[in-house]
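Data block below; observations after.
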Amino acid sequence: MLLRDSGTARPWGWLMLLVVACATRASEITFELPDNAKQCFYEEIVQGTKCTLEFQVITGGRYDVDCRLEGPDGAILYKETKKQYDSFTFTASRNGTYKFCFSNEFSTFTHKTVYFDFQVGEDPPLFPSENRATALTQMESACVSIHEALKSVMDYQTHFRLREAQGRSRAEDLNTRVAYWSIGEAIILLVVSIGQIFLLKSFFSDKRTTTTRVGS
């Protein structure tokens, strides 16, 4: 079972939590990682179990985060800094609690939204007798093929949703910057226009003063 350690993150940082428990333990979580924060998760894994950790930064800053995976003995199995997305597969070398952390401590004011998928173990057979010596029937083979295709579709849908969320975030950020730039240009044009008016007035004031002096 996946356990969460809040670390230095604030409790309101959660956006969505989805944990799917089955024979193959899989955890898909999307959470908000504040600036100068670190979020850690723990998982009990049996020796010889194949595991896969996949993560992606959806929003925030340059879409990068530090990731670190440690074994029960504290050995570092995986460590990357300022990664936008990555995937790492390993086989547990011993029984115990494995720890993986996401860090945004290098960012001073930008919070991130991070998605990760942590899979522990292999998928169970679709049919209890799938590993039997005899061949599968035509219907069983078709069911297995459909099952595998649906899993691929679900995986593609997840990645497309992440890309769509990331693209929407970038578009909104660009729209905000364009709006601020437009406001800045409007203010500059207003200041320049007012300055030109006062400058022209000063020219005519000097002429009137010179004419009055000559006439007197």
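Each Cβ is built from the backbone N, Cα and C atoms, and glycine gets one as well.
Residues annotated as domain 'GOLD' in TrEMBL: 38-120.
What TrEMBL lists as signal peptide is 1-26.
For the transmembrane segment (178-200), same-chain residues at least 6 beyond its ends with a Cβ under 8 Å from one of its own Cβ atoms do not exist. Taken from TrEMBL, the feature transmembrane segment covers 178-200.
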Over the span of the domain 'GOLD' (38-120), how high is the average pLDDT in this prediction? 91
